[in-house]
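Shown next, in structure tokens, is the structure this report addresses.
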Amino acid sequence: MNTLKLDPQRLASGKVRLPGSKSMANRALLLSALASGTTRLRNMLDSDDTRYMRKALIQLGVGLREQTLDGELVIEVDGLGRLFQCSESQQLHLGNAGTAMRPLAAALAFSQGDYVLTGDKRMFERPIGPLIEALTAMGADIEYQQNEGYPPLLVHGQAFSGGSVCIDGSLSSQFITALLMVLPFNQVATHVTLTGELVSLPYIELTLAMMERFGVVVERISDREFMVPATGGYQSPGEFLIEGDASSASYFLAAAAIAGGTVRVEGTGQKSLQGDIAFASVLQQMGAKVTWGDDFIEVERGRLEGGQFDLNAIPDAAMTIATTALFAAGATEIRNVYNWRLKETDRLAAMATELRKTGAEVEEGEDYLRIVPPATIKHAQIATYDDHRMAMCFALLAFAPAGVEIEDPACCAKTYPDFFQDFAKICHL
Ligand SMILES: O=C(O)C1=C[C@@H](OP(=O)(O)O)[C@@H](O)[C@H](O)C1
Ligand SMILES: C=C(OP(=O)(O)O)C(=O)O
């Protein structure tokens, strides 16, 4: 087992230019592939999740050209101006990338051809049933190859039928995102009704904002009803800049809040389309000092106090609050995060187990964690469960008196291959 030992650090300070947002990168790749015209995607993230998407698009016949300019990855995508059409059946391996599996399942359901969508073992445990039900109601023909409701999938491309659909958004917003992104290709405008207790709402806003940049304006009839116009597809905006990843920003901002001095992340800011910038507001509520710019966020240390936070809107950055809680006075309760259980690992169980190794007292509920920090954070060897965010959020224990050891640090490649190099740059003895 490869482990990374982080010796105890005294101070966090410096600037970090963030890698591109995974959520924006995979949406932008797919929208560009389907749009009419060529799109130049700036600040592309180069990580496992975006590589799965890129590779799949190439297999589906999309022309992608890569260039690195001053360290920035730029990808030019020759849009098809239609859905996919493959004469031979294609097997797409999508790793554990939810943002590739869900949107591609929807796009391929109404493309021509037969497709197998497969991935890592964990992907076979992550539900997709509510999306497949909605697609099927619109005419799709999709078979589950192993277990009902889960990938791998066998998709026989079909034409759309009908102009209205309901979709359950209580397990993942990605189902709604996936459905919305394919619907402009329907022959008629589609009335979409969202059912269930909705989760991760800012990601739906991100989808709508990005569809708009590609020429499709979805009408909001109410909080739960949308009308997606039948535009025949998307128009390339020419160039699209992928913002710095706001979830990745959370590790650096939390480091400053815990250890001081001042850390600035660049590439995202108060005008961001990403919901995870709200992480900085949670740090502020805990006592950190936050300064917002249009393209940066800066945090200075404050006296951190725990509290009760409903973090349903920012499930990814919420994991960073769980490790920050070890450095706060009093208990922290992270509420309304049931779908942590459906992600790279069962994050509620994994988080509770690993936090306890530090001496913290942790209560794990069905959809919450209550964390009481220990008097002194103990040295621990942290298991990471092939979950990039477990590896990255526990790096904060470098600011504990005895440091930390992180198992399999390379799993951070899912969204941030250079994370530990960048983290080392803001750590000071
Ligand atoms: O749409 C997206 O880009 C994402 C939505 C969220 O998933 P859920 O909607 O399943 O919570 C988030 O956790 C994931 O990392 C990215
Ligand atoms: C939940 C995550 O990934 P995915 O896009 O695979 O759902 C994540 O990045 O934390």
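Glycine residues also receive a Cβ, built from the backbone N, Cα and C atoms like all the rest.
Marked as domain 'Enolpyruvate transferase' by TrEMBL: 12-422. Per-residue confidence over the domain 'Enolpyruvate transferase' (12-422) averages 98 (mean pLDDT, predicted model).
Sequence annotations record features per position, and here TrEMBL assigns 3-phosphoshikimate binding site to Lys22, Ser23, Arg27, Ser172, Ser173, Gln174, Ser200, Asp316, Asn339, Lys343. Asp316 (active site, proton acceptor) falls outside any helix or strand according to DSSP and counts as coil. Taking Cβ-Cβ distances under 8 Å and a sequence separation of 6 or more, the neighbours of Asp316 (active site, proton acceptor) in its chain are Ser247, Ser250, Asp276, Arg389.
TrEMBL lists Lys22, Gly98, Arg126, Gln174, Arg347, Arg389, Lys414 with the feature phosphoenolpyruvate binding site.
Positions annotated as active site, proton acceptor by TrEMBL: Asp316.
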Q: Calculate the distance in Å between the alpha carbons (Cα) of Arg27 (3-phosphoshikimate binding site) and Lys414 (phosphoenolpyruvate binding site), and round it to a whole number.
A: 16
**Q.** Per DSSP, three-state class assigned to Ser200 (3-phosphoshikimate binding site)
**A.** coil
Q: Go through the binding-site residues Lys22, Ser200, Asn339 and tell me which ones have a CA within 10 A of the CA of Gln174 (phosphoenolpyruvate binding site).
A: Ser200
Q. Got a sec? Which of Gly98, Arg126, Ser173, Ser200, the binding-site residues, have CB under 6 Å of any ligand 2 atom?
A. Gly98
Q) Within 10 Å of the Cβ of Arg126 (phosphoenolpyruvate binding site), how many other Cβ atoms are there? A) 20
